[in-house]
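Just below is one structure, and these are the notes that go with it.
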């Protein structure tokens, strides 16, 4: 299950959220810098550590744990965590929590049932990730998995009638080219690999995971746009379906083996680390993304690819050759270009056109006039705004 993200503005925090007011300029600058660096670090560590930890746990000698049980445990932990956070929001009042959940989950059952489809897809996606990472080097998976940007963009155009800029279409083509080069390097035998790995199965799994990720994200946005439910409520609802669907998948794929060997067969501290990373990492990123603009998220993705590659060389003996470096470089560049807000793209385009027409010039703000207000810009399914800390105050009854 992918954690539901927190909106990037105060309005996205839901009804009842009130801005705490303007901060002093100095404190605002210092606060936004700290939050920016913290957001970057969290996104990089989460993006890289989950893949590396799964790869490490799946390649350890000895008994191999059942991936389906790890998916179920992550869903259970996410759901319990969201339930506790909702309990805290109700100030520890069990009666209020029960009434709230009865109204949100049972009375409004139509909204709850709408989450069954994305939950099913997210559960499938999580299982596919284990298959892909078990059959591909961590660095190769990290690069190839960026195809989810392409699938999300295409589904946004088809399902939400969104338009992409020329630069974004060019970056998607660049992204596809980079992934194709990396896969060509993998198919060409980029270094030794264990005999139990199947690169073809790994590629099929990661492509299916990217398709499911793109569709589920756009579908989720389409059916819940304008919903007033909190991020924790939505993740709890997803967790309920995810746990049930995960158990069905466990029974269908590995039910006999799990019944014979036990649910926690093969669990080691490394496996529990993977489960905890999946369970809490997604929720943590959902909160952190609130303070991260598109450029920062693109930069974090690029850094996580570099970090995964370096760690794979040291931990798993990954062989880095020029072909992989070229493909990874194209993917990193494509991610950065795609994450640029349209306002920045228009500014760059206008500046280039002006420079080519009249030579270099410096545009100054007329004296005595205040600077123009910051502009919101939209890219695909995300809306970005200037990076500022969003401080929310609690409202009675929230």
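Placement of Cβ uses the backbone N, Cα and C atoms for every residue, glycine included.
Residues of the same chain lying 6 or more positions beyond the ends of the transmembrane segment (36-54) and with a Cβ under 8 Å from any Cβ of it are 129-130, 133, 138, 141-142, 145, 270, 273-274, 277-278, 281-282, 284-285, 288-289, 291-292, 296-297, 299-301, 303-304, 307-308, 311-312, 315, 387. Sequence annotations record features per position, and here TrEMBL assigns transmembrane segment to 36-54 (among others).
Among residues of the same chain six or more beyond the transmembrane segment (66-88), those with a C-beta under 8 A of the stretch's C-beta atoms are 1, 3, 94, 97, 100-101, 123, 126-127, 130-131, 134, 230, 232-233, 235-236, 238-240, 242-243, 246-247, 249-250, 253-254, 257-258, 263-266, 271, 274-276, 278-280, 282-283. What TrEMBL records for 66-88 (among others) is transmembrane segment.
What TrEMBL lists as transmembrane segment is 167-188 (among others).
The transmembrane segment annotation in TrEMBL covers 200-220 (among others).
For 232-252 (among others), the entry in TrEMBL reads transmembrane segment.
Sequence-distant contacts of the transmembrane segment (264-289) (same chain, at least 6 residues past either end, Cβ-Cβ under 8 Å): 1-6, 8, 38-39, 42-43, 46, 49-50, 53-54, 56-57, 60, 62-66, 69-71, 73-75, 77-78, 81-82, 126, 231, 235, 258, 297. Positions annotated as transmembrane segment by TrEMBL: 264-289 (among others).
Annotated transmembrane segment per TrEMBL: 296-317 (among others), in sequence order.
Among the features that TrEMBL reports, transmembrane segment is placed at 323-340 (among others). Sequence-remote contacts of a segment are chain residues at least 6 beyond its ends whose Cβ falls under 8 Å from one of its Cβ atoms, and for the transmembrane segment (323-340) they are 139-140, 143, 146, 149, 153, 167-168, 170-172, 174-175, 177-185, 188, 190, 294-295, 297-299, 301-302, 305-306, 309, 379.
Here TrEMBL flags 358-381 as region 'Disordered'.
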Same chain only, please: residues at least 6 beyond the ends of the transmembrane segment (200-220) with a C-beta under 8 Å from a C-beta of the stretch. Say none if there are none.
2, 4, 115, 117-118, 121-122, 124-125, 128-129, 131-136, 140-141, 144-145, 147-148, 150-156, 159-160, 183, 186, 381
